[in-house]
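Feature annotations, courtesy of Swiss-Prot:
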TRANSMEM  17-37  transmembrane segment
TRANSMEM  62-82  transmembrane segment
TRANSMEM  85-105  transmembrane segment
TRANSMEM  130-150  transmembrane segment
TRANSMEM  163-183  transmembrane segment
TRANSMEM  190-210  transmembrane segment
TRANSMEM  230-250  transmembrane segment
TRANSMEM  254-274  transmembrane segment
TRANSMEM  281-301  transmembrane segment
TRANSMEM  328-348  transmembrane segment
């Protein structure tokens with residue numbers, strides 16, 4: 001809205017990003033208590049898995065879920081004020097945000113209604129993810145410009161691969177994998193949102209660099225015209241995420257639920273696709289990938305041997321069972337996530 005006024009100051013990306021971040025954060029602090037109270041009145045409580053850590057049944061019962069509503073409401077309102085709402089990348093990201101959030105909302109709603117941890121049937125959830133990812137990646141493929149189907153590899157500036165139309169299924173895989181990985185990691189107070197903040201911060205740096213032709217040429221990375229609006233979007237997401245963490249930090253007053261986790265993963269995955277940072281994103285999301293692999297390994301080994309590799313999966317529950325406190329697990333995973341982010345950002349220069 002402000003951007004369309006044409007004021008000179010609003011042409012500066014860093015200015016709009018800063019105020020999009022602050023706006024979303026402050027709005028979260030203002031509306032957060034009201035949303036939490038409303039969800040409590042609606043009895044939208046987190047439904048816990050009976051096979052999860054036993055202490056969660058006593059400590060986390062009665063905490064409202066669907067906290068993704070808080071995140072994305074504040075992000076969207078901030079974007080309306082500070083972003084160029086006509087930018088094609090902005091429109092794609094917003095579609096992904098609302099599409100996957102809607103899917104997660106249905107899942108959360110069914111869990112609350114049925115009073116069980118089994119919400120939307122797995123196949124219907126996957127169908128929804130396929131539909132939303134196919135639409136968004138296809139739009140990106142046809143409107144995304146000259147670099148859209150090319151995969152760039154860290155460390156090797158001259159090595160790249162053009163997937164052509166096969167970029168669409170590749171991009172769909174990134175979105176669905178990221179969405180589900182973030183969903184699996186959302187099990188402890190502040191864990192998933194804290195890791196998301198780290199990734200968002202790193203992607204802001206990447207988005208700013210790719211939006212600048214001079215920086216992109218110096219670092220031998222593609223210059224993505226129009227990607228400056230991703231800096232604004234990610235700034236708003238960063239502010240909204242910090243605002244949510246204010247209430248989600250231990251002991252949490254609200255959980256993001258599938259409404260938040262499914263959409264957050266998809267949003268950051270789509271951002272990586274637009275910025276041509278698909279391989280780099282696999283480093284950024286290292287903790288999420290490890291968490292997902294722990295579940296896959298646990299299931300495969302147990303089916304074949306009836307033995308468990310981990311005391312409990314995903315991996316964060318394994319460390320809880322080893323005696324780590326919840327905050328120890330969360331902060332140590334944040335540290336590991338930050339290390340992955342530093343490694344990922346360092347690859348931009350090492351080419």
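Placement of Cβ uses the backbone N, Cα and C atoms for every residue, glycine included.
Of the candidate ranges 62-82, 130-150, 328-348, 62-82 has the most C-beta pairs within less than 8 angstroms of the transmembrane segment (254-274). Across 62-82, 163-183, 230-250, 281-301, 328-348, stretch 230-250 shows the highest tally of CB pairs under 8 A with the transmembrane segment (17-37). Packing against the transmembrane segment (130-150) from elsewhere in the chain are residues 88, 92, 95-96, 99-100, 103, 160-168, 171-172, 175-176, 222, 224-226, 266, 270, 273-274, 276: each is 6 or more residues past its ends and has a CB under 8 Å from a CB in it.
Spatially, the transmembrane segment (85-105) is adjacent to the transmembrane segment (230-250); three or more Cβ-Cβ distances between them are under 8 Å for residues at least 6 apart in sequence.
Remark: the transmembrane segment (62-82) contacts the transmembrane segment (230-250), by the rule of 3 or more CB pairs under 8 A.
Counting same-chain residues at least six beyond the ends of the transmembrane segment (163-183), those with a Cβ under 8 angstroms from any Cβ of the stretch are 96, 100, 104, 126, 129-130, 132-134, 136-138, 140-141, 148-151, 192, 196, 258, 261-266, 268-270, 272-273, 278, 281, 285, 288-289, 291-292. Long-range contacts of the transmembrane segment (281-301) within the same chain: residues 154, 174, 177-178, 180-182, 184-185, 195, 199, 202-203, 265, 268-269, 272, 307-310, 313-316, 318, 333, 336-337, 340-341, 343-344, 347, each at least 6 residues beyond the stretch ends and with a Cβ under 8 Å from a Cβ of the stretch.
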